[in-house]
Each structure stands twice: as C-alpha cells, then as structure tokens.
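Participant: Before I ask anything, here is the structure I am working with.
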Amino acid sequence: MDFELIAEAWPDLLKGAGLTLQLLFLPLAVATVLSIPLAIARSSHRFWVRIGPAAYTFVFRGTPLLVQIFLIYYGIGQFESLREGFLWENILSNAYWCAMIAFTLNNLAYITELMRGGIQTVPHGEVEAARAYGMSGFQTYRLVILPRMWRTILPAYSNEVVFSLKATSLASVVTVLDLTGQAKVYYSQYYEPYDFFIAAGFLYLIMVFVITRVLKGIEWLLGADRRPVKHRGETPAAADVADPATGPAGPA
Amino acid sequence: MDPFWSYGLMIAGGAGWTLALILAVIPVGIVLGLLGAAAKLSSWRVLRLGAETYTTFIRAMPELLVIFLVFFGGARAFNWLLAAVGFPEIQIDFNPFLAGVIALGVVQGAFATEVFRAALLAVPAGQIEAAQACGFSRWQTFRFVTLPQVWRLALPGLGNLLQILIKDTALISVVGLADIMRNAQIASGATKQPFTFLLLAAAVYLLFTTVATAVMMLLERRANHAWRRA
C-alpha cells in the first residue's frame, strides 16, 4: 500500500463517492414511491390486475442489472425514431441518466416484491376491522395496511438499500465516474491494483455502515410498541393503558 | 447463414461459459461458507474475529470491485506468496475464468457463511446433547445429527444466493470472459442491433434463473420430505 498514491487519488475518490450516493438515493426514492401502487396491484386477488406487475418483477429480478443498463444505454439507439429530439440529446445519450433509469427500474422490481410480502402478512382481521369501522379502501391502505407493511419490511428494505448501493458500481461500466469508476481510472494510470480498489472498498464500507445504522434507528423508532413498557414513576396499572395510537400495550 | 442466427449461436456458446462459471463457483462458495460459519461459531476468538472481518468487508464491497481486485491484483499477490514459500520460478497468470471463480467464490462464501451460521444455530441444542449422551463423538454429532439438518435449513438461503450468483456472472464479462454478456456485446457491435442481441442475452439469463428456481424447489421438497404433513 502506498499512502501517497491514495492521498493523491483521495479527492477524486470522494467525488466518485458523491456520485455513488446520487446514483443510490435518487433511483431509490423514485422506486420506493412508485412501488407502493405496484405492490398493491401485485397483491390483488384479480388475476388481470396481478399479472402485469408480476411479469414486470419476474423479468427485472430474473436478469442481471448489467444487461438492463446496456439495454437502456446501448440498446435504445437501435431505434431510429428515438435517436433525435429532446429525450435523446439530454437523457438517453447520457450514461449518467441511463444508469439512473436502469437503477430505478431495477429497484422498483425488488421493492415491489418486498412490499407485496409486507402487505400479505397484514392479518386479515385487521383489514376487516378497518372495513367494519367504515373506512374506504384507500383509508384502509393509508391508515392500517401500509404503516404495518413498513414496519414488517424495514429490515429487508435496509438489506435492499445495501444491495442497491453495491449495484451502483455497475454504472462505472458505462463510463460513469462513480467511486468504482474513479478507482479504475487511477488503476489504469498507475497499474497499482491494491491501493485504489482497497481505498474505494473502504469508502463503500463506511457508506454501508452509516446507512445501516440510520435505518436501524428508524426501525427502532417505528417499533415503539414492541419495546418493553417503561414505568416512568407511574403505577403499573396506569402504564398498561397505552396511548390510543398504538393500541393496548399487552404483555411486552 | 443469417447473421441473427450465427450471432445467436455465439451467445448460446457463451451460455456454456456462464454455466461452467456457475458450477465452478457453487462448491467454492459452499466450502468457504461452511468454514466461515464454523469459524464464527468457534470458541477461538481469533477465528471468530477473522470470519467477522471477512464477511463484513466482502459483504459491503461491490462485486465488481472484488472482481477488479482479484483480476488485476490476484496474480501478483499469488506470485508473491509463491516466492515467499520458496517457489520464485513459478509465475502464474489469472485468466478471466479463474479470476471469476475466485472473486465470486469469495463473495458467495461470505453470504453463505451467514446462511450456514443461522442454520447451524437453528438445530436444537437438545438434539446435540442427546447425541453426546448416546456416546457420539463431536465429529459423529456433526456428521449424523447437525449436517443433515443444516442442509434442509440452509436450502432457502442458498437458493437466494444461487439467484444472485447467476446474475453476478454477467459481471465477469467486464474483464473479458466470453460469456453470454460479452458475446451479446460483440454481436451488438458487429450487427448494429444492440437491442435485439441484448434482449436475447436477457432471455437466456431469465431461462437460467427460472431453471435454478425450479431446481431449488425440487431440492427443498426432497429435503423436507420427513416434515411433510400426511
């Protein structure tokens, strides 16, 4: 390891890490929002509603992300009609945005399946209870099913975020200078295979560590009613009456 | 012959390399995973720490970075090692296939370590005590009581890893293995029809992952034979 070389590359590696974070969070945010309606459709009882999202997730989860990136970056150019105009000049011929699109579509497939699992584990009795209270379908989803789903899927969701972070490195294959891309550029300048790749790996490790910690914190906040009840100087009987938002505390 | 068919055949030939890579990585991953799990559950602190470091680093690093490290740096490290143990005259070179087996094997091993660790812990302690009470040695306990159950408990996790592995093999094309992906790129460049051939490559990968899912379902059904309800 030559620390002078790493010091020289360090500013560029950090710049690459910034790009990596952009490639992680923008597609993740878009995919998370879009996957809510898709997951609801995916868990429908009607075959014709279910089949569309099911086919989508089957294809996007069953093929390598690299193929998806290449299809968007190189493949679209095959169609003459798409090779002009605003969309082509600003987005489809730009590797950065092509990677963004591919990551969004890919994340969308994985998160949809995750949410489907979360929705299907909500006990049917709760949905019936919500209906008995006169809630509309939309209200049932917004107030009962989706909040429960979030709590169920959060550990798996944070795994998904880590996988997604690692997957952003594929953008370097289509010339985007993310963290892996920068490390590769420095490697080809100096032919030192260890310094730059290990330094980049170390930065990925830090990012994974911070992201998993933050998500663990959110998990802890959302799991308030699953923690043992603290008696803050009250009589135990009073503490058993939990606040109406989370329902009766029950045995911890 | 029509270029579509000749390049299509080339991609099918690449599927052979992809399949060979998958089949070569699976045993490496399983062995590393079992060793890693054993180290993690060991009573030796050094082994636990070593296994913990291995899984933490490898699971946080992008597969592509591991592949670059092994492909560009693996041979040099290996030659140093050979020189250190007294064989300076042997110089080996890593081809993309060997680098792929090592890189993906190491990655799979790190994930498999977690799968096997969870499976080993899921075997009830009472059964192990019972085996010891019956006079089984530690090896016999492992061989006849723990291992048969670990297989059943680990299968779903290993199935997920197989899916990840199949999709990760596409990354080896970046360092030059003539697999499905690489041949699809060559065909794309030669025919100026990238969408057609990349879509064909995607279809072949989809076939691979679908068959893998079916095989894992069969294996799980077999492994759970004794647990099936009447």
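Just so it is clear, glycine is given a Cβ too, placed from its N, Cα and C backbone atoms.
Heads up, TrEMBL stuff is auto-annotated, nobody curated it.
Got these off TrEMBL a minute ago, pasting:
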- B:15-39: transmembrane segment (TRANSMEM)
- B:15-216: domain 'ABC transmembrane type-1' (DOMAIN)
- B:60-82: transmembrane segment (TRANSMEM)
- B:94-112: transmembrane segment (TRANSMEM)
- B:153-177: transmembrane segment (TRANSMEM)
- B:197-219: transmembrane segment (TRANSMEM)
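Neighbours and distances for these, please.
Facilitator: With a threshold of 8 Å between CB atoms, the same-chain residues lying at least 6 positions outside the transmembrane segment (B:60-82) that come near it are 88, 90-94, 96, 99-100, 102-104, 106-107, 168, 171-172, 174-175.
If one looks beyond the transmembrane segment (B:94-112) by at least 6 residues along the same chain, the residues whose Cβ comes under 8 Å of a Cβ in the stretch are 17, 20-21, 24-26, 28-37, 54-55, 58-59, 63, 66-67, 69-71, 74-75, 78, 157-158, 161, 164-165, 168-169, 172, 175-177.
The list of residues near the transmembrane segment (B:153-177) in space but at least 6 beyond its ends in sequence, with Cβ under 8 angstroms from a Cβ of it, reads 17-18, 21-22, 25-26, 29-30, 63-64, 67-68, 71, 96-97, 99-100, 103-104, 107-108, 111-112, 114-116, 118-119, 122-123, 185, 205, 208-209, 212-213, 216, 219-220, 223.
Outside the transmembrane segment (B:197-219), and at least 6 residues removed from its termini, the chain residues within Cβ reach (under 8 Å) are 7-8, 11-12, 15, 18-19, 22, 155, 158-159, 162-163, 166-167, 170, 180-181, 183-185, 187-188, 191.
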